Amino acid sequence: MSYKCSRCKRDVTLDEYGGVRCPYCGHRVLLKERGGDVKEVNVE
């Protein structure tokens, strides 16, 4: 799962680091990335 650090804005994956901390700056607030999927909904 991909996250973005709120301080340094770098991409972080928690699987490779193993904790809830940015490996670049040490900040503990990570924002979850949204998926790039676009959903179509029919409204009738």
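Glycine too: its Cβ is placed from the backbone N, Cα and C atoms.
Taken verbatim from Swiss-Prot:
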BINDING   CYS8, CYS22, CYS25  Zn(2+) binding site
Output field, Zn(2+) shell: CB within 8 Å of site CB centroid, site CYS8, CYS22, CYS25 dropped: CYS5, ARG7, ARG10, VAL12, PRO23, TYR24, GLY26, HIS27
Residues satisfying Cβ distance under 8 Å from CYS8 (Zn(2+) binding site), sequence separation of at least 6: CYS22, TYR24, CYS25, HIS27
Per-residue Cβ crowding (10 Å cut-off), top of binding-site residues CYS22, CYS25: CYS22
